[in-house]
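Student: Submitted below is the structure of interest, expressed as structure tokens.
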Amino acid sequence: MYVDLEREFDLLQEVGEGWYAKVFLVEHRKTRSEIVLKALHKDYISKKDVIREFHYSYNLGTLNTAKVLVRTFDILFISNDCYVFAQEYAPFGDMTSNVSDIGIGEIYTKRVAKQIASAVDFLHDHHLVHRDIKLDNVLVFRSDFSKVKLSDFGECRKKGSLLVRFNEWVPYCPPEIVNTPQDTSYSVEFHQDTWQFGVMIYLCLTGNIPWQKADARSDPRYQAFDLWQRSRVTKTPKGFKIFSNKARRLFRKMFDLNPSKRVVNLNDEMQKYSEDKWLTKVPEKPMDEDELSTNMSMLSFHSSLTDKNRLLFTLTRYGVETTVDRDMKKDRIKEWIASSTIEEEEPDEEEEWDMGSDHVTSSHNSNQSSSHQSR
């Protein structure tokens, strides 16, 4: 249905952006409820893809009783230049805003890992592959990471689907896809999620990506791992020396170079290794140029400068603050890691949101969109 967004919502803040989507925190004027609107620009995405994403987002979030997938509300809006749907708001942002340059520590990492493993297994139980597991797509609902959720189902596809390699996010990309020539098709499989999950866990523990690209010909860090993984050398790669033997074993299973042997039952693996020690020492802050090249803070997944300027103009017009003090957040994480005690937060009830029966008011004629459609 058509909605005049400026009449229906007060824009509070931009909370995220991707290749073709922007995410805004808004307040619905009639109900005064704070929600998130995900806006996908019509110039960059087809209606078919929007409907697919919305379908997966709404139905998976509704079916998942463990509440480890972000909830999407059951309506799809159409504005002048965007498709828009509403989701629950994560007050502590995504994991990129919370991971410091030395990670978030072992205890917090295990909390995140268990919840996201459960989310990924849930998708796999429904024969779906997420294909975009990364820090940006893990939303934080409690500051102690006792409640995080997997989000963004825009790249989600059915297992066995054939896709043409186009624009994968390389640091998280498994080698079998890295080695697939551009514009060549490959099959979507569960083990691709496992690799991305492993990179995400590595980032949480260290604050760094293990390598820039899983290509032994062009990336020295990956080459060292490749030789170690194939047992051609006994020397542990530099990036894996801070891990315990049990943690190294877990990473070798998640990063198995043979996709068919890579573990896919992530929840079982987390249960198996969760009581073991993962880190043998606190990660060190990167100092040299080589280490900085793999530091999480150096990674950027934003749109073009033109898009950024257009966004900044829009936000400024609404009087929205366009900067976030992420350093302060990351300093807080470092203090948590150094602390020997961790305070648990009390569980809270899931909030419901209802725009009310008269929430669509516009002078334009509306195009009806099924409440169970998606992108």
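From the backbone N, Cα and C atoms, a Cβ is placed for every residue, glycine too.
What you see is a predicted model, and the numbers here were worked out from it, not measured in a lab.
Among the features that TrEMBL reports, domain 'Protein kinase' is placed at 9-279. Residues annotated as ATP binding site in TrEMBL: K38. Here TrEMBL flags 336-375 as region 'Disordered'. The feature compositional bias 'Acidic residues' is assigned by TrEMBL to 342-355. Residues or ranges marked as compositional bias 'Low complexity' in TrEMBL: 362-375.
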Student: Please list, in sequence order, the residues in the chain of K38 (ATP binding site) that are at least six apart in sequence and whose C-beta is under 8 Å away from its C-beta.
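Tutor: Counting only residues 6 or more apart in sequence, the Cβ neighbours of K38 (ATP binding site) under 8 Å are A21, K22, V23, V84, F85, A86, Q87.
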Student: Could you pull the average pLDDT for the domain 'Protein kinase' (9-279)?
Tutor: 95
Student: Should the residue listed as 'ATP binding site' be counted as helix, strand, or coil on the basis of DSSP?
Tutor: strand
